[in-house]
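Novice: Attaching a single structure in structure tokens format; questions to follow.
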Amino acid sequence: MGVVPSESDISLPSKDSGISLDSIRSPLHERSTEWRAMWISIGMQFVVGVQISVYYMSMWPYLSGLDKTADMDFLGWVVAACNIGCTISNPLYGLWNQKTLSCKWPTITGFLIAAIGQLMYGAISEVKEHGKWYMLVARVVTGLGVGNLAALRAYGATASTPKDRLKAISYGTAGYVFGISFGPAISAFFTPLGEQGYNFGIVKLDMYTAAAYLMAFICVLAAVLMLVFFQEDYAGIIDKDKSDEANANYVVVPKFDLVPALICIYLYMIVSMIATNIEVMSTPLTTVLYDWKDSQAILYNGIIESVTCIVSVLINFGIGKSRIGKIDKRIQILFGLAVFVAFHLVNYPWWFYSGPLNFLPPGSNTTTVGGCLDTYTWCSSTTRVPMALYIFAFVFFFGIAFPFVESPAAALYSEILGPRKQGTMQGLFSFGGSVTPFVASIIITFLFQHTGYKYVIILQSSTIFIAFILVFFFYNRLVPLKLKPKNGEAAAYKNGVFYSM
């Protein structure tokens, strides 16, 4: 058997060439994953996740205290600001990786940019006016830095061999999810400093700024670790530019199927949107549901987040290490989507829940007592999700659903693309995960302020049902790229068509 090209210059090796056809077809299976570098990249994905989410729960009280003109609508823009930066930079870091096959330098550059953004965020407390605009700019700069996630994802997909790919991507996802979930807990850790905090020369450390300066230090430290210890090894791709010259002419990677690749991007888009919405809305939502004041909402939600992230990380490692990972990825995705539906069903304000919600006492604000603002007219007709159900759904439904959709979708996406350079396409994957939270955070904060959280639940549920339809309809096409088509069948690649005989 051999590969017979059509409309190309490729010819088969002769019997006397000394080249094994098996070695040409399966060069990837003879390689091994460099796990030291892979673990470093996984750790860097954790750092990226922390940088993105660290202020999700503390942002609203910090913003409202800095600038009295800021409202929930503007909060949506501040939350979106980091994703705006990521949306711009993700494709650029992916293209950088694609052109240079380097993960190290895009990652280092990104962390240094993010460090500048975090320093800007910490210094906002010294600004006397227009604080909300400085906060927005600081988050855009941070987003421009942490778009380096695209290069880190590309490395995980292309530096792992086929047998290790799901494990590598699941662990990378675990690192990122752990970071996203652990970030708000860091803000909760600094709550005892209070809003007044302490002054050290020109630097003020309080419950809002201490986390920013810590994040800047972590970014610089991560850049140094990448520079000193990270050695790249791309064991998971067929790079004809670097292949053995004798074998290079016989290596053919077919074109990938675009539709299932786009479905995987959509799946990542909706889980990123839901994760961002849930974490951003947790502080104002629990303030109106359970009358928690700002410091209580940050602390209690931070604890809930910490437990949730433990659940998610354990499941991600379970997917990568146990028999769970051997289950068909499409089945894993459908299961995760079903659990997301359960989360939204529990958190919908059903008529049989208790209500209505309480308003703030006259002359008070959420720094001293919880409740609905006077402008939240919807509170008078909205019911309260029982606290026990809210916590259970947050920890278990959300903690289980996210890894069962994100990890298999990311792994399947890499397999659909095949053993080729994936920098640009992984940049698009990360771009999808940034642009949706950017748009959604603006929409959901508007909906929350003017209509309550009921329509936020409905909007998110609609995107999940669309995902169900796409997965069911294109189920048979959501499969890894076949490097060797069936005998006699044509397969397209960039120079023409080839057949397997």
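Backbone N, Cα and C define each Cβ position, glycine as well.
Got these off TrEMBL a minute ago, pasting:
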DOMAIN    37-479  domain 'Major facilitator superfamily (MFS) profile'
TRANSMEM  35-54  transmembrane segment
TRANSMEM  74-93  transmembrane segment
TRANSMEM  105-124  transmembrane segment
TRANSMEM  136-156  transmembrane segment
TRANSMEM  168-190  transmembrane segment
TRANSMEM  210-230  transmembrane segment
TRANSMEM  258-278  transmembrane segment
TRANSMEM  298-319  transmembrane segment
TRANSMEM  331-351  transmembrane segment
TRANSMEM  387-406  transmembrane segment
TRANSMEM  427-449  transmembrane segment
TRANSMEM  455-475  transmembrane segment
Novice: Mind looking up the mean pLDDT for the domain 'Major facilitator superfamily (MFS) profile' (37-479) in the predicted model?
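Specialist: That stretch averages a pLDDT of 86.
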Novice: Honestly, do the transmembrane segment (387-406) and the transmembrane segment (427-449) touch, with at least three Cβ pairs under 8 Å and pairs 6 or more apart in sequence?
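Specialist: Answer no: the transmembrane segment (387-406) and the transmembrane segment (427-449) share fewer than 3 Cβ pairs below 8 Å.
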Novice: Out of 136-156, 331-351, 455-475, what stretch is closest in contact terms to the transmembrane segment (258-278), meaning most Cβ pairs under 8 angstroms?
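Specialist: When the Cβ pairs under 8 Å are tallied, 455-475 comes out ahead.
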Novice: Would you mind listing the long-range same-chain contacts of the transmembrane segment (105-124), meaning Cβ under 8 Å and 6+ residues beyond its ends?
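Specialist: For the transmembrane segment (105-124), the list is 44, 47, 51, 55, 66, 85, 89, 93, 96-97, 131, 134-135, 137-148, 150-152, 203, 209, 212-213, 215-217, 219-220, 222-223, 226-227, 230.
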Novice: Of the listed stretches 74-93, 136-156, 298-319, 331-351, which one has the most C-beta pairs under 8 A with the transmembrane segment (427-449)?
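Specialist: Answer is 74-93, with the largest number of Cβ pairs below 8 Å.
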Novice: Thinking of Cβ pairs under 8 Å, which stretch from 74-93, 168-190, 298-319, 331-351 has the most of them with the transmembrane segment (136-156)?
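Specialist: Answer, by Cβ pair count: 74-93.
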Novice: Taking residues 6+ outside the transmembrane segment (331-351), which of them lie with a CB under 8 Å of any CB in it?
Specialist: 267, 271, 274, 319, 324, 382-385, 389-390, 392-393, 397-398, 400-409, 412, 452-454, 457, 460-461, 464, 467-468, 471
Novice: Which sequence positions outside the transmembrane segment (168-190), separated from its termini by at least 6 residues, show Cβ-Cβ distances below 8 Å to it?
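Specialist: Same-chain contacts beyond the flanks: 33, 38-39, 41-58, 149, 152-153, 156-157, 159-160, 206-208, 210-211, 214, 275, 279, 282, 298-299, 301-303, 305-306, 308-309, 312-313, 316-317, 319-320, 325, 402-403, 406-407, 410-411, 414.
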